[in-house]
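In what follows, a structure is listed as structure tokens, so that the remarks can point back to it.
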Amino acid sequence: MSSHGNSLFLRESGQRLGRVGWLQRLQESLQQRALRTRLRLQTMTLEHVLRFLRRNAFILLTVSAVVIGVSLAFALRPYQLTYRQIKYFSFPGELLMRMLQMLVLPLIVSSLVTGMASLDNKATGRMGMRAAVYYMVTTIIAVFIGILMVTIIHPGKGSKEGLHREGRIETIPTADAFMDLIRNMFPPNLVEACFKQFKTQYSTRVVTRTMVRTENGSEPGASMPPPFSVENGTSFLENVTRALGTLQEMLSFEETVPVPGSANGINALGLVVFSVAFGLVIGGMKHKGRVLRDFFDSLNEAIMRLVGIIIWYAPVGILFLIAGKILEMEDMAVLGGQLGMYTLTVIVGLFLHAGIVLPLIYFLVTHRNPFPFIGGMLQALITAMGTSSSSATLPITFRCLEEGLGVDRRITRFVLPVGATVNMDGTALYEALAAIFIAQVNNYELNLGQITTISITATAASVGAAGIPQAGLVTMVIVLTSVGLPTEDITLIIAVDWFLDRLRTMTNVLGDSIGAAVIEHLSQRELELQEAELTLPSLGKPYKSLMAQEKGASRGRGGNESAM
């Protein structure tokens, strides 16, 4: 077929799009895409291949690192390395985690302050409402999928006697856990919030109470005859003797009481609340807040340039992180049997949410193909799998969305830090599913009210799960306590949590990224008004000019892709 015939075919099929049904339009769109792909392959040259490799170098290196890391780990497992040797082997991966965590604190503060300051209160309120609705809807859907999967597959049938326990889980009263969540939203010391979180500790104290009893068993305080009574003929000495017969018994017992305490780690929730409020105040100061806006915008730009340097080391770190985790696992057989069914259930649930629900939401809102978008997030997703922390992945997520996919920086600066802190779809799904699995292995039948309680508690607890490794295990105590399930049974699933934690972190990061794209699409009107009215300096340049440059760069990248 000649190029003229190909063009004629494309033009005629385009005219028919308005007359045929959506199914036929989809079929013709796929045919056009296949034809364009065939034409690109026919005209491909070595220069095109090199350009593709340069443009996708990060992704190719990261995927290769995962494959090499898994292969290397299984090749070294027969040598049975000691724990010390494994730690030495994993050291390059530890360095990557430390580099990324180093950037999280200034990135959260600078991006949120700049994002809030660049929008007026009305626009911020609308975007915040859209973000809250998106977070709530996706989290509820994730919890529903988790409950549905564990109910259908029923991985907990059988007995828990065959399951191996690992570690210990600290029991935390539900009320104290939620109060700690609220306390952490308002840290009394911002400097301390950079490295500590409030956490209720528990101590025991001895309580002593006096119990008064009488020899004849009468109640304390019962009426006694006066010291001397002529009527009953008793003497003063006799009455004193009777009074001495009253016994005082001292009872002592231990009582557990909550006391203020702390835990190491960034109080991300408190910093998010402060940064949002501080950014809104700076935005309301108009011209007077210009210096502060310049400062935080320059800080954000400097952090992103550091990310651009560290990102080249990411494939090496991911390789050793994944290989080290596989080497640490003593018995790979725990992935089979009853825990194997549990693992499969979690994987199926996460796949349904991340592979079907989130892309469907993206398609319904934006009317665009979600899979090229997910492909653009591939490096952030692989980094999430390697680091097992949505907060540590945040710098890479910013880079993928802003530079790779061209999402508006005013949206990413607002949505991503908040999402990495409170939007945990994968964690919510996992907690609901794991709670019902523990009920199943205990042969405990849950009624509709208890399942509803698990749904609500898992949704709320996922907000309190900071973006740190295995935080879901801690918040799951809240879910189990809410329906009276034994919290010590969490140790039954710790053996596979290192693997599932990586998958749910990938789901969390994808949910935040799609949320940014969805909110950007819904907020186009507010963004255009802000672009016309507001000038936000960025390294001495007007924000409007910066946005124009970014759009031009995005069009340039799109042109290069079409050339392929």
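Glycine is no exception: its Cβ is also placed from the backbone N, Cα and C atoms.
Keep in mind that what you see is a predicted model, and the values were worked out from it rather than measured.
Feature annotation from Swiss-Prot assigns L-aspartate binding site to S388, S389, S390, T427, I468, P469, Q470, A471, G472, D501, N508; the stated evidence is similarity to another entry. Taken from Swiss-Prot, the feature Na(+) 1 binding site applies to G419, N423, N508, D512. The Na(+) 2 binding site annotation in Swiss-Prot covers T421 and rests on similarity to another entry. The N-linked glycosylation site annotation in Swiss-Prot covers N216, N232, N239 and rests on sequence analysis. Residues or ranges marked as intramembrane segment in Swiss-Prot: 371-401, 451-484. Marked as phosphoserine by Swiss-Prot on the basis of similarity to another entry: S2. What Swiss-Prot records for 1-55 is topological domain 'Cytoplasmic'. According to Swiss-Prot, the feature transmembrane segment maps to 56-76, 99-119, 133-153, 262-285, 295-322, 344-365, 411-437, 498-519.
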Per-residue Cβ crowding (10 Å cut-off), top of binding-site residues S390, N508: S390
Any further residue of that chain within 8 Å (Cβ to the Cβ centroid of G419, N423, N508, D512) of the recorded Na(+) 1 site: Y135, S390, L416, A420, V422, M424, D425, V509, G511, S513, G515
Inter-residue C-alpha distance, S388 (L-aspartate binding site) and the residue listed as 'Na(+) 2 binding site' (nearest angstrom): 14
Model confidence over the topological domain 'Cytoplasmic' (1-55) (mean pLDDT, whole number): 65
For D512 (Na(+) 1 binding site), the number of other Cβ atoms found within 10 Å of its own Cβ: 32
Distance from T421 (Na(+) 2 binding site) back to S390 (L-aspartate binding site), taken between C-alpha atoms, in Å: 8
Criterion met for the transmembrane segment (133-153) and the transmembrane segment (498-519) (at least three Cβ pairs under 8 Å): yes
Cβ neighbours of T421 (Na(+) 2 binding site) where a neighbour is any other Cβ within 10 Å: 25
Top partner of the transmembrane segment (295-322) among 56-76, 262-285, 498-519 - counted as Cβ pairs under 8 Å: 56-76
Collapsed DSSP category at N423 (Na(+) 1 binding site): coil
